[in-house]
Structure formats: structure tokens, C-alpha cells
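Some features that TrEMBL has for this protein:
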| type | residues | note |
| --- | --- | --- |
| REGION | 1-29 | region 'Disordered' |
| DOMAIN | 43-304 | domain 'Dehydrogenase E1 component' |
| REGION | 236-255 | region 'Disordered' |
| COMPBIAS | 245-255 | compositional bias 'Basic and acidic residues' |
Ligand SMILES: Cc1ncc(C[n+]2csc(CCOP(=O)(O)OP(=O)(O)O)c2C)c(N)n1
Ligand SMILES: [Mg+2]
């Protein structure tokens, strides 16, 4: 098997069973990390069909998507721990992974909100005629929202190269899809927009579907892909995930549909590697993961001045400094000091916060 840096990224993803939240939680911005196990492989199939010039935007199950875009394990774990070396400098946490240089636009915590943004990205792509597409990912719970249909309508009207991907893990928090959707055939929900149902646990099927969808979107406008996947764990760290479904259901999917196991069997049956080679790779990856966690723990917390970078506070000097450095301008520095010390009654803060400063 190849050991090039890009192919080495995929096993990293496969070896990552779940984020190490409990031991790092105390100093972390994470209080509701959403795991990505089971759906971890399908973004890899998607990456195999597209280029980094294509855009991806997703919800909060963003960790493996970020790795697929070329992010590093250190950036992942540092972000989960709220550390400076995180991909969003520790300011975003679990739900806000970004990698703009690889056209990955997050990482969004508000259910469904990323879909209209994704269609906006597709609008920019069509406008600049660069022959690229946007994959806008959302969950089965989000699929029932009005904004999705609004975004789809305008995308179809303007033939935007938007691929709406419904990641159907069959649950929205503790609600099963059949309790939330009159028709859980999400690929058919587009009405005037075509859709495909894809086995999201089969990376090769995903690759084919994404390749087809990209070609379709460039020629004809939007298309919906429903990725049939599963959520092994609860919705987030605070949900045991076993009160609204049976343990048999979960273990049944693990035994029959596990995406990593499927690839493992394929590799073995085609003599692409031996059991021992695969075990060695897994061992190597576990070591890689452990080292990244240890390194992330050493990463410092973000400097308080970072509170004032990458935010919209125009005209107050707060954004004038170098990125990552102290904000420039006397007024900005005074404002920073007052806010850092919690004095929101100070004149600068009142001016900046407007009506909110009164609370
Ligand atoms: C607008 C909005 N409403 C409610 C929530 C709370 N919430 C967070 S995740 C979630 C479930 C979403 O389910 P789904 O779209 O299926 O995504 P999944 O978690 O299964 O990936 C809800 C209701 C939210 N974050 N945003
Ligand atoms: Mg869901």
C-alpha cells in the first residue's frame, strides 16, 4: 500500500474511534462534542471523486471531513481542546472546523444553516465560471427545514452547481426519522431536483455517486444525494444513545454494515494486504493518534487578544493588529482590556455592545 502523505491521511481517519473528550474537557471549549464514528468513511469516498477546488460545507460532525480535506490530527485534537494549534485557533471547538485553503467552509452548529451558505458558494462558483461544485451536507433532521427548500429552489432556478448531501443516520438527536419525517426518502424530496440514494457505508459506492453528481451539477444544476449511514453513539457526549433504540439495532449495523470492516474485507479478498500488514497499519495509526493527542495537550490556550481577531467589529480598531497579534489602536486596546476584565459598563464597551451592553 502506498505511504504517500495523502493516502496516509485515510487510515488516520479509520483508526480514530472517538474523540478523547472526557480527559481533556476541563480546559476545553467542548461541551457537546458530536462524534463522527460510522459516518467516518463516506467523506473519504467523496474526496476520491472531487478536488480541493470543490467546496464542502457541513454541520457539526465535521472532524473526518476536515481530515479528508488534508487537515492534521494535531489541528483536530487541539481544536477539540480549545488550544492555539487548532484549525480555528481553538476558538471554534468541535463544531467549527475550517480549512479555507482547501475550500472547507465549516463546521456549523445551527442545524441546516450551512445549506443556504453552500448554495451561495455554488453561486460564486457559477459566477466565476471555474467549473467547480459545492457539496452542502446536512442531516436527516435538518432535511425537514424550510430553508433547505428555499435554497434548493433558487439553486435549481439558477442552475447552480450545488450538491445537497443528506447524511441520513436515521436519528436527529433522540428522534427516529420516522417520527420526524412523513417521507424519510430524502433523495426524493427535491421534487423538481433529481436525487440518488447511496449506501453511505460503502466508500466505493460513495465515490461513484459523487463523481456522477459533480458531472450532473456542472451541466444541469443541483442534485440531492442521500447517504444512508448510521450513528453508533448517542447524539453527543451527553447522550448514552440507548434509550430510544435497542442495543441489538446498533450491534446489528456494526456487524453487517461497518464501513471500515467492509474495506478491510475487500482489501483482504483482493490480496492487497495481509492481516498482519493491516494490523501493523492500525498499530501505527494508533501511535500517530496518541502522539497528536499528547502534542495537542502541550499546545497553549489562545491568547486573550484572539478574542478580537476574526470577528466583525469594524471601526473600533479591534481588528487592526497583525493576525494573531495584539489588536492595534488605542481605542481597540482599551475595549479589549475592559472586555477581558469583564467590565461591560465601561464607555467603550457600551459603545461597542450597543443595546446589549445594558444587560
Ligand atoms: C436551528 C437549530 N435547531 C435545533 C438545534 C439543536 N440540535 C442540534 S443537533 C440536532 C439534531 C439534528 O439532527 P440531524 O440533522 O439528523 O443531524 P445529526 O445530528 O443526526 O447528524 C438538533 C435538533 C440546533 N442546533 N439548531
Ligand atoms: Mg441525523
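Glycine too: its Cβ is placed from the backbone N, Cα and C atoms.
TrEMBL labels come from automatic prediction, so no person has curated them.
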DSSP-derived helix, strand and coil totals, residue by residue, for the region 'Disordered' (236-255): 9 helix, 0 strand, 11 coil
Rounded mean pLDDT for the residues that make up the domain 'Dehydrogenase E1 component' (43-304): 96
